[in-house]
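Reviewing the structure listed below.
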């Protein structure tokens, strides 16, 4: 982009250079000696054009005219050119186009005796075949009817077309870039051969320097008669009527003025004819007009230079920014270099030093630009000061009659000096412009060097040395130009002396003195009139001063009367102030009483305001308690911060309130319809930390130690930060820990603080659901789904006692978890992760036991296949993930609408979450939100799902705490049941049943009598077995069925899929479990109960347990099979740890 900009700028500069450069052939001055004949010949050949001609030449040049085959070098060898005399006219292309001349290019060849001018003539078919502007064109004196000028020389003149060569050097067109030395030589040649000649040959009709170029008829105005000019009136009037002076070069106009001055000097009377005087005045006006146009041209050139300087400064800034780089790019590059390129730090230090060196060179270049700018501005100021000083001097000197002649001569000198100075300034501006262009090229080279600095350091050093050499050559060229300018100034001084002598003679004319005298008389009259006018004004001022004195005296009297009136008013005010003070004292007494009353009221209001926050917190607690009683799922929303490189301004989150309000903006809808408001239990901003998030869920996690079941799961689209919230980043520090680590750490800390009263045991399980398969992440068992049912892994449970144990287990589980990269997330979780924490506590004083479970679920993110760009296995994973999440949505919808049927069996995820979503558990859901605009549709679906979840009522949570009275009731119930059985058997014996039944009943009675004989031992064994059985069932991982707390649901003899008790005892692999739904014992929706009702419930429960235990211990039930939930006994591999 920068290269294209530099190219456009270079093209613009070349165009402006073509506008400002006079088209002069470079090869004309190479073979010319400094004698009078060659000087006259070069003056004849040099094309001096005015601004109008330069504009026309620009039109011709911009057409990009191709050079024809006839545009070859006009070369005459040195041997043949000694006797050749060319009498042809040289014109510029603009003049030829103005006159519609037939242009015939000639190619000089060897001469013959018959035809000394033997030329190869070829014609151009159209003006488009002309050679480039600035080349010399030979016109035939026969075919060209226009007047022509002869040129005689004994040396060969080389007029080359672009691309030709002469003398071992490559000629170039006037617009081709040249070296500083070539421009130096060109400036010397221009300053040497374009000066006016002091002799009378300047007025020679054969020289174009004294005539108007382009075929004007001004050369016919003078005719040589007896060594002087005879001015013809007809020719002068023809020149006055035509516009020939407008197109004439400045040198020709000056030559006309010099000729007229010489003619007046030669005449005796010193008078000028009226027509000649008019012509002279018109020529002077034309010169003044050109001076003004040249000054305007310099102003425009100055503005162009200023614009270019601003562009150069902007480019330098761009180069500096490219060298330094933005802060964000530096940060990203540093992070990459620290990981991948640690070995290259030393090289980077060297590169930074070189960048500093380059920055210093950029600053030096900028200083040079500023110095050149200041020098140019000083030159412009000097020129303007000179012009102002000259005009001021003319106005001052006109006032004095005696110095009028000297002033006129000085004015004439100033005019001529201005013309020369303007021409010099134009040349100097061209030189400065070329220097600036060279510096721009050097800056462009420097830009290329900075881009390739990392690859070629040595090449850059060489280029820098070349750059220094070029700057030295530029400085030498500038010094040479300054010397040339000094020489040109000396030459102009010599010319000025000759012109001053002529002007002194001209100033002796009588007409000018008469005009000066008349002007002085007129000014004297004006001065006298001014004196009379000022005297009258002085009288008027005296009258006005008298009137003002009278008015001031009247004002003084009025002020005195006003002061006396004010004194009387002050006395009255003093009297009024005393009365007001008395009234104020009375009012103050009243106000003190009222203020005391207001103070008491303010104290009451202050107390109320102080208690306001306490009331708010109490209301919030009551609201939370109400939510717990209702059993609503708590919903916490967390907004993910933007990643590096993402625009924070393009967010869908409009507002985050302090009380759970969230306003989302739809970027596709304007106005009020674009805003959508949601309300949750808590909303976390992107700036929230992990500690702030965990502080709000601490009470929920601590309730696990009180015997409650708690479930926390994270929901959201892929890449929204679910794993970060639940687990934290890879290699996280203690500050970056997620909910999993912090929850277990908090449980350990509280268990240690309560160890004097309650003894806790904590176990951890970690499984995942991958493609509808339940896999154990801690043991490495990967089971597959069979055709006839679901294969449940032996989920191993490890006891943990410290945070280090948890970190070790979590690292193993995260390594085994399925993670892959997609287009939306570099580390996308491809499975649902479930961390289950089992807590068992025993009260050391009362002996009561409590059980609590904590499920920490990290759901896989929902994703769109077209955005994630997944194929193959990743596509299959995404389909299973979306299917399970849609099943979760169906379950939430059924629970929200309180439907009679809840489809838990549609997915393994909903089966595992059944105890948390459909049971008496405390459930919390983290909603992770991606604030990017591109994820607006996924964010809205996530928020709508969370809003639906917040309305689900699960009922009040219930603690699974068993006291000592419950165990005593169970023992009493078993004793009473056995007594009833004995009495029943005795009754059957008395009724005289058949012998078969009698024997069977007697066998049973003998067994029961033996059991009754050792009743205390059997009761203890039953209670211990029941205790261990319920413990194992609570710590098992189900295959989708509810973790029911009732024993009736755990012991169902009529289930289809079952596991043999011997298999469970020996640790063999379990059989398949049917996928058919099993009945779950319905729960009561009552939140509170009386003690009597509670006792009845406990007795009914104990009777059911006693029946189950008796059935298990009876001899006829030895072959009986246990229910499917019994297959979930924790049987880990041999190397896994076990609870005793």
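The backbone N, Cα and C atoms fix where each Cβ goes, and this holds for glycine too.
Feature annotation from Swiss-Prot assigns ATP binding site to 716, 717, 718, 719, 720, 721, 722, 723; the stated evidence is sequence analysis.
According to Swiss-Prot, the feature compositional bias 'Low complexity' maps to 161-179.
Residues annotated as compositional bias 'Polar residues' in Swiss-Prot: 197-209 (among others).
As annotated by Swiss-Prot, compositional bias 'Polar residues' applies to 1002-1018 (among others).
Feature annotation from Swiss-Prot assigns compositional bias 'Polar residues' to 1099-1130 (among others).
According to Swiss-Prot, the feature domain 'Kinesin motor' maps to 632-952, an assignment based on sequence analysis.
Annotated region 'Disordered' per Swiss-Prot: 1-37 (among others), in sequence order.
Annotation comment: Swiss-Prot describes 50-81 (among others) as region 'Disordered'.
If you look up Swiss-Prot, you'll see 161-217 (among others) marked as region 'Disordered'.
The feature region 'Disordered' is assigned by Swiss-Prot to 323-347 (among others).
Among the features that Swiss-Prot reports, region 'Disordered' is placed at 1002-1021 (among others).
Positions annotated as region 'Disordered' by Swiss-Prot: 1028-1140 (among others).
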Quiz question: given the binding-site residues 716, 719, 721, which has the greatest number of C-beta atoms lying within 10 angstroms of its own C-beta? 716
Let's check the environment of residue 722 (ATP binding site): how many other CB atoms sit within 10 Å of its CB? 27
For residue 718 (ATP binding site), the number of neighbouring Cβ atoms whose distance to its own Cβ is within 10 Å equals 25
Please compare the binding-site residues 717, 720 by how many other CB atoms fall within 10 Å of each one's CB, and tell me which has the fewest. 717
